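Enquirer: The structure under discussion is supplied below as structure tokens; questions concerning it will follow.
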Amino acid sequence: MALGDQNSLPLKMMGTGLEGSTEPAQLQEFSQTLQTHTAMAAAPVSLDLEDQQVPPAVRALWVLDAPEPPSLWRELMGSVREIALPCGKRPPRSMKASSSSGRVGAILKGVFPVFKWIREYKLAQFKNDLMAGLTLASLCIPQSIGYATLAKLDPEYGLYTSVLPPLIYAVMGTSKEIAIGPVAVVSMLTSSMLQKVVDPTADPIGYRGLVFTATFFAGVFQASFGIFRLGFLVDLLSHAAVVGFMAGAAIVIGFQQLKGLLGISHFTNRTDVVSVMESVWRSIPNSWNPHNFMLGCAFLSFLLIARFLGRKNKKLFWLPAIAPLLSVVLATLLVFLTRADKHGVKIIKHLKGGLNPSSIHELQFHTPFLGEAAKAGLVIAVIALTEAIAVGRSFASLKGYRLDGNKEMVAMGFMNIAGSFASCYTSTGSFSRTAVNFSAGCESPLSNVVMATAVLITLVLLTRLLYYTPMAILASIILAALPGLIDLNEARSIWRTDKLDFLACAGAFVGVLFGSVEIGLLVALAISFARIVLASINPGVETLGRVPGTETFCNIQQYPMATRVPGVLTIGVKSSTLCFANANFIRERIVKSVLEAEEPCSMDGSLQVQFVILDMSNLMNIDTSGIHSLEELNKNLASYGVELVMANPKWPVIHKLRVSKLTSKIGGRVFLTVKEAMDSCLATKLASV
């Protein structure tokens, strides 16, 4: 409704005392008053609006004549601007007027956060980052080798993945503590989803190319999530589902390590616990080696004891960090001196060293399995981002700064895209290594650079020393890292807090454990979506009353002291959207609430309720089905002699109501607050007596 349409407003609902008056002089006088106050409100003044005593009728016009909300294109450009510029702001005028170099500098700081902190970096901070990076490398090197075998790749590819991605993240990432590299869950996801397509034993080159292709797609998806503000897709996997998924994956990974721990040669490619245990049961009588088992169990005990002491005494944080590398050195030396490899102890043997080789030629964009690679990339991207952002935010909160989730997605996307060109598979933030990095006193992402440099030196100079490293040690290192993925305390907390959330947690856990990774994710997503759908379809409505001594209207069931006004029924919708899924249900509930509010007060069936105030403060959006349901609601209420009044509609809602002409169909009865709507209804009742 335009500002010039005041004469078309039904004056009886504005609480003006002119109900029923049709004299031109009075009507013209009131119209001039509205125009005067509207002009006063629109003019820039220094006085407070409360001092101007703007009448409710004019404030109602503010609601009706709100400007159009930003277009989808403007919102998208705003998202891109927040990625490219610091704090998402436009360049200041001084920058525009100075030179293009100033604008380029601002964009570089937005895209590459390293330019923000490197200017204030001090030598004392570098000493801390150097020690943290070296401590990190001592844990990263043996874990990366083990995780590569978990991904069904040669051991050196785990080391490759710990070189280039951390360097790129140090330039583009916003977290000071997060440690980048291969992790157990992503490694397991990679092998479980891709070995069904290409057998890594029969065709290792084809399998490796498919892994790099999936890594490329994972990076593309991650970068797209950040650039286009699609991070909500990651949040579709709820916290409870992630807890269950991680616990199930940890147990699956643990059972798979029985192959290395027992020295079994032939093992199943399936990941469910039943298949793994059947394979172990069939292999133990024939192919297992007790020397592998004893060696693995001895060093597993050492790793667990070191982990326990590190948690018991925070000053010994370095002990569990260097324990894996120390185990590799001691076990390798033991096997070399005793020639245990001649007695059935399985060893790594040749480990290819040198700089990361190019893998661009291995990417498979013309393969018939391209769809499978893209699907695996999407799943891996979501899980990797979920783990990394959760880890980054946890440690950022401990140091009191904010982690930019969208920039994190962009950084991880680009580091995985670049990694797929340099023989790396998907990398992300590791919780165990990040905890070590934090405890070692890291000051900036430069600790990742130190770690990557140490891994690179190992690749160039020290790979020959790992020839006699037993596979059982790699299995024990992975097993020792798994307890951190199982959070029983959080599972108990979820059970106490929300039983439906715990159902998603249990569904993901059971699905991964007895089915597959895909089944576990699908079960968790199905339960989460079912909960969302149920809440959307059946949001419910609530009857509101005025809390004594205040101007606040609250649910009368939650606040029994809240009082209702006779003849006026105030209803709030317990949903953020009024759409095709819940529109008819909400309309029926409102009509039912009106009919149940009071018994008919006369023989003709008319109701004591004369007005229904619909509080729309919770409603963020509405679609055409929702608008149609409001039109039907208005007709239904009018048939009972009840008038519909709306209060506090949000920007997109009032825009759509105005475009659809619904505001004129209900007579413009839209108010800024529930109180003003109530006052108008009471004034109308008094005037009609």
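Every residue gets a Cβ built from N, Cα and C, even glycine.
Unlike curated records, TrEMBL annotations are generated automatically.
The shown structure was predicted, so the numbers you read here are calculated from the model rather than taken from an experiment.
Straight out of TrEMBL:
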type     : residues : note
TRANSMEM : 210-230  : transmembrane segment
TRANSMEM : 236-255  : transmembrane segment
TRANSMEM : 292-310  : transmembrane segment
TRANSMEM : 316-337  : transmembrane segment
TRANSMEM : 376-396  : transmembrane segment
TRANSMEM : 408-425  : transmembrane segment
TRANSMEM : 446-465  : transmembrane segment
TRANSMEM : 500-529  : transmembrane segment
DOMAIN   : 575-681  : domain 'STAS'
Enquirer: Would you call the transmembrane segment (210-230) and the transmembrane segment (446-465) in contact, using three or more Cβ pairs under 8 Å, pairs 6 or more apart in sequence?
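Expert: Between the transmembrane segment (446-465) and the transmembrane segment (210-230), which are separate recorded stretches, there is no contact, as judged by 3 or more close Cβ pairs.
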Enquirer: Okay, the transmembrane segment (376-396) and the transmembrane segment (408-425): do they have at least three CB pairs under 8 Å, pairs separated by 6 or more?
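Expert: By the criterion, they touch.
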Enquirer: Restricting attention to the domain 'STAS' (575-681), give the mean pLDDT.
Expert: 85
Enquirer: Decide whether the stretches the transmembrane segment (500-529) and the transmembrane segment (236-255) have at least 3 CB pairs under 8 angstroms, with pairs required to be 6 or more apart in sequence.
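Expert: They do touch: at least three Cβ pairs between the two stretches lie under 8 Å.
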Enquirer: May I ask for the residues of the chain that lie six or more residues beyond the transmembrane segment (292-310) and have a Cβ under 8 Å from a Cβ within it?
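Expert: For the transmembrane segment (292-310), the sequence-distant neighbours (Cβ-Cβ under 8 Å, at least 6 residues beyond its ends) are 260-263, 316-321, 323-324, 327, 330-331, 334-335, 340, 344-346, 470-473, 475-477, 479-480, 483.
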Enquirer: Which numbers of helix, strand and coil residues does DSSP report for the domain 'STAS' (575-681)?
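Expert: When I sort the residues of the domain 'STAS' (575-681) into the three classes, I find 52 helix, 16 strand, 39 coil.
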